[in-house]
């Protein structure tokens, strides 16, 4: 029972990170109809920036801000320099270009920082509080929940309550009409990529300290988990992405705890296969009417 | 005179000239493979051992790129999981070889196991399109190497297995023997693929890629064609993996990272999707570019450039080719829009 409670909280904490990362994938999918396979590599690059800043200044929070800024900048660069010129008539083209980006980013990181694992510190202790002899949550878990909750809340506010969010939705939903009405569709697309990349960087900042450490390929498995989360939620639905993230997090935690940690990636693969074959639209797919 | 010839070949009634041409085209792959075999034989006697080893590596890569270009270029299925299929072939080969110590039997085992693996993934893949298929195969590429740590008694975790090979017959040096083995595999694979894609199967592949509805109306079984394409391509990957086990005389999960799968995609995209000759060019690049990057790294004396420089070069080349000349993908891009529209 104790173990079950602990694993549940641990899974929710992991799931929150996957939810944020899946949200980044969904943001780009909604804006550009591209699954950004370079998201993991971009997030790792931002975490490396944070690592440099933190090592230079000794302040975790300066590094944290630097990662978010680097994420924003990276998103803008990737969209303006590369993705804008992809022939979007085939989803295959976007995928292949994103894979090229993965190679470039991982190679550059390897050249600049070397290919060994760098341990990364956390701002709060990862020792769990005990309530009635049951280990529940660590301060770091609370920080993760707060950060992801803040992101979800502010994205919801942005898209539903602000003029710029309305423009972004319009630009994604009906580009031609929006352009006629004076919306800068290209600008909204860049903004979407920047936001998504920053959210991805935040997820990277949260997840890397809990894994083996910082490495150019550190986010590969996380990307798969987040992709699964996004697919479970239906790729089109932000609520679905968050729910999918929590489901994947719980699954990973239970499998690691009750079976063996090395089996966990296989469980994710299995979930992905089951969802893709059983309900390829995802559990929360909504916009049936929308055309690619 | 030339006018009469073109008329003859254009006429719907098969004339003698047209028939001869057709039989020439049928024989073209055999001629090309025979010529290739002669070139390889000459090269294997003239090259120094290290170059011979590289020649063998090109052959092993050629197996998998040829299979992948048929799957992606002619059937429109993008697989990022072929590195994992190569690992499957390599590990089955290693286990069989260490148990029975018979080279032909081990190749048969490797091919049989990857046929099975390819059929399983292919069955799932036939129901998926575009980024969903890419995501699933990416997951396969990342997850499969972790199997080696789960079942570490069989696969010996990260250290991997060493492969026991009998010494080559006679006084043939090991590298030359490896080059012969690799290129025998590669040329047989390409011959088989060339015949497959020129025949009715190839027509069905292209029909499914270009327009599924039209293909279905014409009586093509879409799912069966897609699964078969995946299996054929998986067999090529398995053979390639087995050849890599012969080359390295060991297998380990580190030899089949995600980047390997991405390299394979790059190789076929640069060579021109769907072209077997393009697959050969891609295989040569897969060996030549890292060697070039390595020599640059050695000259600058920076150990961090080793390996990583090749990644950057590959990535940049991939992006530039896709942005500047997506013509390689021209034939399949229309299919994907149509598939997507229908799904939504």
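Each residue, glycine too, has its Cβ placed from N, Cα and C.
Owing to the predicted nature of the structure, the values given are computational and were not obtained by experimental measurement.
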Task: Correct range for transmembrane segment (source TrEMBL, candidates A:124-141, A:142-159) - done: A:142-159
- [ ] Please check if the transmembrane segment (A:180-208) comes into contact with the transmembrane segment (A:12-29), where contact means 3 or more CB pairs closer than 8 Å and the residues in each pair are separated by 6 or more positions.
- [x] yes
Task: Tertiary contacts of the transmembrane segment (A:12-29), as residues 6+ beyond its ends and Cβ separation under 8 Å - done: 35-36, 39, 43, 137, 141, 144-145, 147-149, 151-152, 155, 192-193, 195-197, 199-200, 202-204, 206-207, 210, 222-223, 225-227, 229-230, 233, 235-238, 240-250, 252-253
